[in-house]
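According to TrEMBL:
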type: DOMAIN; residues: A:29-91; note: domain 'V-ATPase proteolipid subunit C-like'
type: DOMAIN; residues: A:112-174; note: domain 'V-ATPase proteolipid subunit C-like'
type: DOMAIN; residues: A:195-257; note: domain 'V-ATPase proteolipid subunit C-like'
type: SITE; residues: A:E78; note: site 'Reversibly protonated during proton transport'
type: TRANSMEM; residues: A:21-48; note: transmembrane segment
type: TRANSMEM; residues: A:68-93; note: transmembrane segment
type: TRANSMEM; residues: A:105-131; note: transmembrane segment
type: TRANSMEM; residues: A:151-174; note: transmembrane segment
type: TRANSMEM; residues: A:186-206; note: transmembrane segment
type: TRANSMEM; residues: A:246-264; note: transmembrane segment
Amino acid sequence: MENTNFIVTFLNWLLSFDKKALILGASAIGAGFAMIAGIGPGIGQGYAAGKGAEATSVNPKGSKHSTMIMLLGAGIAETSGILSLVIALILLFGNPLIKQDGDGLIIAVSAISAGIAMIAGIGPGIGQGYAAGKGCEAASINPDGSRPSTLVMLLGSAVAQTSGIFSLVIALILMYANPLVTGHQATIVVAASTLGAGIAMIAGIGPGVGQGYAAGKGTEATGRRPKYQSNIIKTMILGQAVAQTTGIYALVISLVLMFANPLVKLL
Amino acid sequence: MEPITGKALVLACSAIGAGLAMIAGIGPGIGQGYAAGKGAEGVGRQPEAQGDIIRTMLLGAAVAETTGIYGLIIALVLLFANPLIKLL
C-alpha cells in the first residue's frame with residue numbers, strides 16, 4: 001500500500017539509497033553549512049580594516065603601529081572561520097562518519113548537524129573584529145596607552161571565542177562520538193534530536209557578538225585611561241560572563257539531546 | 001524520470017553544499033564595505049594621507065576576504081574535485 005504520509009515517503013526514499021551515499025551526501029551539505037560561519041570574520045575584520053583606515057587619517061604618524069594592532073586583532077577574529085574550515089575539510093577529506101556502525105539516517109544527520117553547529121562562529125568573528133577595530137582606534141588616539149589596551153583586546157577576544165569553541169566541541173562529538181547513532185527504535189526522534197543538537201548551538205552567535213562588543217569597549221576605555229585597566233577588565237569580564245549564559249543554555253540543551261534524551265524514553 | 005542512484009544523490013547534495021558554502025560571502029561584503037566607507041571618510045578628513053589610508057584599508061580588506069575565499073575553496077572542491085564520490 002502506498003503511504004500518503006509525506007515524511008514517511010521522504011524517509012523511505014532516503015533509506016532506499018546505499019548508507020554510504022546517504023552519509024556522503026549529508027557530509028557535502030554539512031561542509032557547506034559549516035562555511036556559513038565565514039560571515040562573522042568577514043564582517044568583523046572589515047570593521048577592523050575600516051577603523052585601521054580611520055586611525056591612519058587621525059594619526060598618520062602612528063599608522064604602522066595601529067596597522068599592527070589591526071592585523072593582530074583580525075588574526076584572532078579569523079579563528080572561528082578556520083575552525084569551520086577544519087570541520088568542512090574533515091567532512092570532505094577525512095570523514096569519520098563513513099566508518100561508523102549504526103543507523104545510516106542518523107549518521108547522515110550527524111554530518112549535517114555538525115556543519116550547522118559551526119554557524120555559531122559568526123558571533124565570535126563579528127565580536128573579535130569589533131574589538132580589533134577598537135584596538136587600532138585606541139592606539140591612534142592615545143599611542144602611550146596602546147599596550148594596556150591591546151592586552152584588554154586580547155583578553156576580551158579570548159572570552160568571545162568561548163561560544164565558538166562550544167560549537168566546535170559539539171561538532172566534534174557529532175562527528176566522532178555521537179551517542180545517538182547506535183541501537184534505537186525511534187529513528188525519526190533520534191535523527192531529529194541529532195539535528196536539534198546542532199541547531200541549538202547557533203545561539204552562540206549572540207554571546208560571540210556581545211562579548212566582542214564588550215571587549216571592544218573595554219579596549220577603548222583602557223586606551224583612554226590606561227591607569228584604570230584592572231577596573232575596566234574586572235567590569236568587562238563580569239559582563240561577559242553574564243553574556244555567556246545563553247550560550248551555556250544552548251550547550252546544555254545540545255548535550256541533553258545527545259546524552260540524556262528524555263524524548264526517546266517517552267515513546 | 002530515471003531512478004536516482006547513490007552517486008547522483010551525493011552529487012546533488014554536493015551542489016547544495018557548494019551553494020550553502022557561498023552564503024559566507026555576506027560577511028566579507030558587509031565588512032569590506034564598511035572599510036571602504038571608513039577609508040573614504042578618512043581621505044575626506046586628511047586628503048594628503050590618501051596613499052597610507054588606501055594601503056591600510058586594502059590590507060585590512062584582504063584579511064576580511066579570507067573567509068569568503070575559504071567558502072569558495074570548499075565550493076570549488078565540491079564541484080571540481082569532489083573527494084566524497086571516491087569514497088562510494
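Keep in mind that glycine also has a Cβ here, set from the backbone N, Cα and C atoms.
Looking at the domain 'V-ATPase proteolipid subunit C-like' (A:112-174) alone, the prediction's average pLDDT is 95. Long-range contacts of the transmembrane segment (A:186-206) within the same chain, counting only residues at least 6 positions beyond its ends with a Cβ under 8 Å from a Cβ of the stretch, are 7, 11, 40, 103, 105-106, 109-110, 112-117, 119-124, 163-164, 166-167, 170-171, 174, 178, 180, 243, 246-247, 249-251, 253-255, 257-258, 261, 263-264, 267.
The Cβ neighbour count for A:E78 (site 'Reversibly protonated during proton transport'), using a 10 Å radius and every protein chain shown, is 24.
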